[in-house]
Amino acid sequence: MSESYLWQDGTLRSWLLTRDHKRIALLYLGSITAFFALGGVGAALIRLQLLEPTGTILSDATYNRMFTMHGVVMVWLFLVPSIPVTLGNFLVPLMLGARDLAFPRLNLLSWYLFVASGLLVLYGLFRGGLETGWTFYTPLSSDYSEGRVLPVVLGIFLNGFSSIATGVNFIVSIHQLRAPGMTWYRLPLMLWALYATSVIFVLATPVLGITLLLLAFERLFRVGVFDPTLGGDPLLFQQMFWFYSHPAVYIMILPGMGVVSEIVSTFCRKPVFGYRFVAWSSVSIAAIGFIVWGHHMFVAGESLYSAIVFSMFSFFVSVPSAIKVFNWLGTMHGGSIRLDAPMLYAMGFIGLFTVGGLTGLFLASLAADVHLTQTYFVVAHFHYIMVGGMVSAYFGGLHYWWPKITGRMYPEIWGRLAAALIFFGFNLTFFPQFILGFEGMPRRYATYPAQFQILNVLSSAGAGILAVAYVMPLVYFGWSLFRGARAPDNPWGATGLEWRTASPPPTENFAETPVVTTDAYDYGDLDARAGRADAGGPHHV
Amino acid sequence: MTWLPEASAHAMRIDILLAGLVIISLAVLGLVFGLMVLNVLRFRAGRTTAIARAIAEHKSWWFEIAWTSATLVIFFGLFLWATQLYVVGFRPPADAIQIYVTGKQWMWKIQYPGGQREINALHVPAGRPVQLLLTSEDVIHDFSIPALRIKHDVLPGRYQSLWFTATRTGSFRLYCTQFCGLGHSRMTATLTVMNATDYAGWLNSAPASGSLATVGEALFIRSGCSGCHASSRYAPDAGDTSRAPSMVGLYGSRVALADGRAIVADAAFLHDSILDPPHRPGASFATEMPSFRGVLAEDDLAALVAYLQTLSPALPPEAGN
């Protein structure tokens, strides 16, 4: 077998012009880690400011820029790309048994587009700043804002092409590059999740692009689209924006669900319970996700009938999510459970995502939403999904595939400690915000009435713990690159094709194209391969 | 920290709904965390015996159907419960006191039917329905009254309606909850709920230069409306509707629109029609009405709308004076 993809040609040029999906995944990993750190600094400053009712360190203007920066960077430069472009890029061909993605050059182009969009956004955010929030509501953004709306909006426009390129690449690869014997129902559930995500990338992102271009036109040329004084309609912007941004919420959670399915199966040593239900629930989340956007507008002035219909669909979309949670629990039942760091993250995901999903029911319930929307309740709700859910899954996935990506084991004790600390810090940060929201504290306030201080201090304390916990993996992952134990090909005893090649894999992934003869998660087959008799348990039926 | 007060019967009903949601959530969370912990305790690696996979596979369809339908039934119940409480918000009682609220960066301007005006303060009587007619002079704001468990976005160029019957006297906080720029977090105000006697006293003591409708009547002449629209008191003659539709009896009547719909001419319709005159199908008036966008400020529009309402005497007389 030839050399690993990491060291085959170590020049900078070979990295920057690489078409190897694994190297592109690492380029992405470096970039989104930097953006995650930047967004995290924004979050830290926000929590520092809110220690005191009158604000501690930032002026109102700077605070407004800070939460806008935090939102824009975290959504478009970290969460939307996160799992798909790093773990997804690395794993899709390996899980399919393919040499690379269908369009390797397009894959590299998507990274360059991503970097260019990131730089444009950063230019806007730091040379002049932006204070519209990540939602860009008109006419604040199109007429009244004095911030750098145009560079940021154009940056996000460009970012969309990067997303679409990745989406197209995954869809075509999953259709065309499956190894012999790899039928749709033998695909790992991670690929079902990434497939559903890719469909959203391709169908929803263009609408965001169009919306932001119209916003740019209105701001530049005073074309009346959204501004009522020019004959436009400010609610039209919200309709179009959320038509993308609600499906984008599922872009930011489906890949996490895929990762959790993989981890839960491996660490319970059991096939995922209700495989087909979990697979199709990804697809139905993606589909129903397109018809719930109006639930962001229950108090915005949409008609009574729209509100009722959107509320009903919003309840529907949580059914497939509930199915997933119950199936993961069903997978654990009767398994052989190991609590390594990836499993701790996956269990954290299940718990926190459930809290996020249940509080989503509060917001789907029309009359309750009227009271809770636009308060800290909403802030807490979506952080439970995005951070408690997606970021936990992302970290779980990084730990799980770290041996495959780098050929080194991370230190297990530190991994477990960080996972536990993240869970604790996260809850301390965001649980108090549910209560703040019920009490009526509005979001995006630089200053607030003194009665809310205690809960804000608790939340900020949690954020401090969370910050430390997020830095820990950075340190021990870095350490493991040089001092970590050498990883075997299949350190967890997992079933996917990615574990049938070397750690780290050679550039061409597999010495010869693997042939798939069993369903996903067939541990009996795995044991047979290892040449061991299956001790005690019956073979897969 | 004191718990958020319930200042209306609606607030109490919302809290019961929220309590229901909390109970369901706790039950589900208990189930999820309970099963997770139980599974970990019972099925740790090295502690387990053989797994009956075949049985699990066989039963899986029944499990899937059971938890999917249980989830659906509970969700549908919640949906009906919450929707029913929401629909109420769209049906203000006909005898509600109408108060005009205009948001602008970064303050709330309040106008009462009696002509009283306030900034960042709203006074209402307890026990009587109040309808707020909300609009903005610039960006989108949101008028949020947590003690009443209600809020609504405030849009430029059109009226939104929010109504409530406060039942508890006292002072409560109001917030702008739609991010509106630099001073967003300082765009707060106070709602004061008073008993009927105190409210009447407050109305009398607050300075007012004529009721809102009187101010509106003067504007009706000064802005040239009376040149075309009949109002039964000014030229043209009460019966002359050749140039423009009569304003007498318009408020509360059904109006046919160009797109085929017929809607009730409420305060929002009157306000929006002055800014964007609607085309009336089948009507052939001698003059085309110009838009008054940028000509009349929101305070003026509120006064005009209040005046036009007085021209529909069949409806309950304007309350609150």
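Including glycine, each Cβ sits where the backbone N, Cα and C put it.
According to TrEMBL, the protein has these features:
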{"type": "DOMAIN", "residues": "A:1-517", "note": "domain 'Cytochrome oxidase subunit I profile'"}
{"type": "TRANSMEM", "residues": "A:25-46", "note": "transmembrane segment"}
{"type": "TRANSMEM", "residues": "A:73-96", "note": "transmembrane segment"}
{"type": "TRANSMEM", "residues": "A:108-129", "note": "transmembrane segment"}
{"type": "TRANSMEM", "residues": "A:149-172", "note": "transmembrane segment"}
{"type": "TRANSMEM", "residues": "A:192-217", "note": "transmembrane segment"}
{"type": "TRANSMEM", "residues": "A:241-265", "note": "transmembrane segment"}
{"type": "TRANSMEM", "residues": "A:277-298", "note": "transmembrane segment"}
{"type": "TRANSMEM", "residues": "A:304-323", "note": "transmembrane segment"}
{"type": "TRANSMEM", "residues": "A:344-368", "note": "transmembrane segment"}
{"type": "TRANSMEM", "residues": "A:380-401", "note": "transmembrane segment"}
{"type": "TRANSMEM", "residues": "A:413-434", "note": "transmembrane segment"}
{"type": "TRANSMEM", "residues": "A:454-477", "note": "transmembrane segment"}
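For the transmembrane segment (A:73-96), the neighbouring stretch richest in Cβ pairs under 8 Å, chosen from A:108-129, A:241-265, A:344-368, A:413-434, A:454-477, is A:241-265.
Panel annotation: around the transmembrane segment (A:25-46), residues 15, 18, 57-58, 63, 66-67, 69-70, 73-74, 77-78, 81-82, 85-90, 111, 114-115, 118, 122, 405, 463, 467, 470, 474 of the same chain, lying at least six beyond its termini, place a Cβ under 8 Å from a Cβ of the stretch. Looking at which of A:149-172, A:192-217, A:344-368, A:454-477 has the most CB pairs under 8 Å to the transmembrane segment (A:277-298), the answer is the stretch A:192-217.
Simply put, out of A:149-172, A:304-323, A:413-434, A:304-323 has the most Cβ pairs sitting under 8 Å from the transmembrane segment (A:344-368).
When Cβ-Cβ distances below 8 Å are used as the criterion, the transmembrane segment (A:304-323) is approached by residues 274, 277-278, 280-282, 284-285, 288-289, 291-295, 297-298, 353, 357, 360-361, 363-366 of the same chain, each at least six residues removed from its ends. Stretch with the most C-beta contacts under 8 angstroms to the transmembrane segment (A:380-401), considering only A:149-172, A:192-217, A:241-265, A:413-434: A:241-265. Long-range contacts of the transmembrane segment (A:149-172) within its own chain (CB-CB distance under 8 A, at least 6 residues past either end) are made by residues 72, 76-77, 80-81, 84-85, 88-89, 92, 101-103, 106-107, 109-111, 113-114, 116-125, 130, 132, 136, 141-142, 194-195, 197-202, 205-206, 208-209, 212-213, 215-216, 219-220, 251.
Confidence annotation: the domain 'Cytochrome oxidase subunit I profile' (A:1-517) carries a mean pLDDT of 94 in the model.
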